[in-house]
Amino acid sequence: MEPNNQTRVSEFILLGLSEKPEQETLLFALFLFTYVVTVTGNLLITLAIGSDPHLHTPMYFFLANLSLVDFCLATDTVPKMLVNIQIGSKSISYPCCLTQMYFFHFFGIMDSVLIAVMAYDRFVAICHPLHYTTIMSPRLCSLLAGGPWMFSCFISLTHILLMARLVFCGSNELPHYFCDLTPLLRLSCTDTSINKIFVLVVAGTVIATPFICILASYVRITVAIVKVPSAGGRKKAFSTCSSHLFVVALFYGTTIGVYLCPSSVRTAVKEKASAVMYTAVTPMLNPFIYSLRNRDLKGALRKLVNRKITSSS
């Protein structure tokens, strides 16, 4: 039943990562640096893959999609925090809060599903190399990349519709630096049981299920690599998966801690620290993780940068 004797909340106060004013200058500098590196790195990866015909393969097609999603995920949360620190205002209107939460979940779900799709691509490449081209056809690649966009849109919209039915009439202080679902549910003065059930269902669908599929893929990949007769062949096969495994560890290690751990072991500090990892740190590191050990991608990046320098001179 909706409370009638209290005023509805029309805006929220984002308390940010720290409530100490003296730390905000340092946080601004750190997150500005992180965001600039994230934007530059992910856009360079996307442009390099798109401009080099040699990289028009399923693996790089999915990587370009992941880089685009990482750029959008960081853009949804970090700039708002930077603006709040710069102008000294921590408020965000209720509609803007729901909009930010929609895109955060949209791109977060996309990240999770795309990482699982990339694991399937590596599984086919290593376990079924002779049939790789046939299995990973352009049509299947389009479905594997396009399907998550539609699925993510549906899940995120459902989250927002369920959130819109809630009433916020008490405290409007959100102990976070963006509008995340779990902290918002704690502020509602109406029943949130349906929302919490949906959170668990979605977490199981878009976090636990892809993670289990990734683990199953890498069990099969490991078995296949062990059977490779030459040490050089085993090293080459493992090197194609090591970057992806590192990304899996970064992304799922933080999201599982936030959305699948019992609420009794979660704190606002832990939630904010995990959120920083998968909204700022991971999108910044992904371009380096995938490019540092990849000769083809480094070559494409050099060509792209040299082309831009030549055209501007």
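Even glycines carry a Cβ here, placed using N, Cα and C.
What TrEMBL records for this protein:
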- 26-49: transmembrane segment (TRANSMEM)
- 41-290: domain 'G-protein coupled receptors family 1 profile' (DOMAIN)
- 102-120: transmembrane segment (TRANSMEM)
- 140-168: transmembrane segment (TRANSMEM)
- 197-219: transmembrane segment (TRANSMEM)
- 240-260: transmembrane segment (TRANSMEM)
- 275-292: transmembrane segment (TRANSMEM)
- request: Take a look at 26-49, 102-120, 197-219, 275-292 and tell me which one has the most Cβ pairs under 8 Å to the transmembrane segment (140-168).
  value: 102-120
- prompt: By a Cβ-Cβ criterion of under 8 Å, what residues six or more beyond either terminus of the transmembrane segment (26-49) are in contact with it?
  reply: 16-18, 55-56, 60-61, 63-64, 67-68, 70-71, 74-75, 78-79, 81-82, 85-86, 280-281, 283-284, 286-288, 290-291, 297, 300-301, 303-305
Message: I need to check the long-range neighbours of the transmembrane segment (102-120): which residues 6 or more away from its ends have a CB within less than 8 Å of a CB in the stretch?
response: 59, 62-63, 65-66, 69-70, 72-73, 76-77, 144-145, 148-149, 151-153, 155-157, 159-160, 178-181, 202, 206-207, 210-211, 213-214, 217-218, 244, 247-248, 251-252, 255, 278-279
Field: Average model confidence [pLDDT] within the domain 'G-protein coupled receptors family 1 profile' (41-290)
entry: 86
